[in-house]
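**Student:** Below is one structure. I have some questions about it.
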Amino acid sequence: MSVLALGLSHRSAPVTLLERVALSGEVRLKLMTEMVNTSAVNEAMVVSTCNRTEVYADVDQFHPGVAAICELLSQYTGVSQEELTQHCYVHYEERAVQHLFSVACGLDSMVVGEGQILGQVRNALKDAQHVGTLGRVLNDLGQRALRVGKRAHTETHLDKAGASMVSFGLTVAGRFLTPDREPQPSAAAAVCPVDGDTGVEVSAALPDPQLLTGRRIMVLGAGSMSALAANTVARHGASTILIANRTFDRAQRLAECLTEGYESVRSSAVPFEDAARHLADIDLVISCTGAQGIVLTAEQVAAGGDRATRPLVFLDLALPHDIDKAVRKLPGVHLVDIEELRDAAEDGTATGQVADLTAVRDIVAEEVAEYQAVRSAERVAPTVVALRSKAQKVVESELERLNGRLPGIDDRTRAEITRTVRRVVDKLLHQPTVRVKQLATGPEGAVYAEALRELFDLDPAIPSAVVKPGTALGEER
């Protein structure tokens, strides 16, 4: 059982390729299921966000595992294996563990330190559990990753310094908003609500608290990122928020939550197909629908009227893109998308406030070492169990032989002989079994377990049970 991580992210691939490998929820579930149906993959989990598509797997062998995952990823995305291998990265064992922990902390994010990725990792765990591809190895690894992410945000200043993709995007998009607009009555800044599962705020902080004061905002989509965006703009003083989603009742629920949480915000839901009709009254559109194609065309935006005197800004956080790039040709219309955000992040805009990265990296290193020590001890445990089981069988066999050869021994003597033989065997096994557990935590720990198996002709069964659908994460299986 070995952990393998294979993926593409904003660090390794162009945005155009990330768009093509982005996986919708249903496709992601099917991909994980098909992966564990191969002989090379025991468990599988997929983390898919606007900036990364990554597969985490428990495999028996490195090369067959990589080959199986690449082949299926190519089939499900339509991207050739040759193109995938040019841009993907592969991490194995300790490096794979370190990578996931760094991802969960936000160290590998486009906006270093952003907290949204922690919730996305948790959702990936839930998805894998739902379809039955989450086993003990990935469940333990994922739970540890969530713990590392929480530590990074609570024990350092990363939570204050690290912006989410939403807050970073709003900061960049805000540069195009009219600076001398007439402010409207708006909500006072509210205390950031916190996600009970991750401990991370469900709205993000902006460097300029007045950036959105009095703005009229439309949010396309009602998923987790859309909810984060809606809460963020409400918290920072937006006067009006329209929510448009293909499932209208989800848009209504989000609008109701905003109304309850921010009394001065006028929030309402509009049918998704009517979204373009409301553009004339909107300053900023935030889109992250998860659709597989354009949801607003340049023609629809142009029909909303001339914006030469009052700009209309689009913040497109979706992959694939939601907003037609041709809107950039329209007077007064500005589009900020993932590609532009990546360029801004590479300029240093995103990481300028992160002051405690060293402390976070230390946390990651500490947790990786602890996780590896536990894994090493777990790996040798079946060998120790098999050794003790074999010794027990030898004891029972010899005692049975003794009873057959000396049937006249009284019960008291027989019991004393039995205790003595078992004590001798236990004492003989105690030191080597304790020592092999200690040695197992070292870099060559597996060698000692293998030596025991060879010397005593052991064949321990190493279980790799899969979490059953419906079992709560972290529960005994």
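Count begins at 1; order follows the chain as displayed.
A Cβ is built for glycine as well, from the same backbone N, Cα and C atoms used for every other residue.
Here Swiss-Prot flags C50 as active site, nucleophile. Look at Swiss-Prot and you will find T49, C50, N51, R52, S109, E114, G115, Q116, Q120 tagged as substrate binding site, backed by sequence analysis. The annotation NADP(+) binding site is assigned in Swiss-Prot to G221, A222, G223, S224, M225, S226. The feature site 'Important for activity' is assigned by Swiss-Prot to H99, with sequence analysis given as support.
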**Student:** Measuring Cα to Cα, how many angstrom lie between A222 (NADP(+) binding site) and G115 (substrate binding site)?
**Tutor:** 19
**Student:** Do you know offhand how many angstrom separate G221 (NADP(+) binding site) and the residue listed as 'active site, nucleophile' by C-alpha?
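**Tutor:** Answer for this pair: 14 Å between alpha carbons.
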**Student:** To which of the binding-site residues G115, G221, G223 does the lowest count of other Cβ atoms within 10 Å belong?
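**Tutor:** Output over binding-site residues G115, G221, G223: least Cβ neighbours within 10 Å is G223.
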**Student:** Compute the mean position of the Cβ atoms of G221, A222, G223, S224, M225, S226, which form the recorded NADP(+) site, and then list in sequence order the other residues of that chain whose Cβ is within 8 Å of it.
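**Tutor:** The answer, listed by sequence position, is V219, A227, L228, A229, N245, C288, T289, G290.
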**Student:** Would you kindly give the Cα-Cα distance separating S224 (NADP(+) binding site) and Q120 (substrate binding site), rounded to the nearest Å?
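**Tutor:** One finds 9 Å between the Cα atoms of these residues.
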**Student:** Just give me the nearest neighbour of S224 (NADP(+) binding site) among the recorded positions N51, H99, S109, G115, Cα to Cα.
**Tutor:** G115
**Student:** Using C-alpha atoms only, work out the spacing between T49 (substrate binding site) and S226 (NADP(+) binding site) and round it to an integer in Å.
**Tutor:** 13
**Student:** Under a three-state reduction of DSSP output, how is G223 (NADP(+) binding site) classified: helix, strand, or coil?
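**Tutor:** Looking at the DSSP assignment, G223 (NADP(+) binding site) belongs to neither helix nor strand, so coil.
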**Student:** What subset of the recorded positions C50, S109, G115, G223, M225, S226 lies within 10 angstroms of H99 (site 'Important for activity') at the C-alpha level?
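**Tutor:** Cα filter at 10 Å returns nothing.
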**Student:** How long is the line from the C-alpha of S226 (NADP(+) binding site) to the C-alpha of C50 (active site, nucleophile), rounded to the nearest angstrom?
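**Tutor:** Here the two Cα atoms are 13 Å apart.
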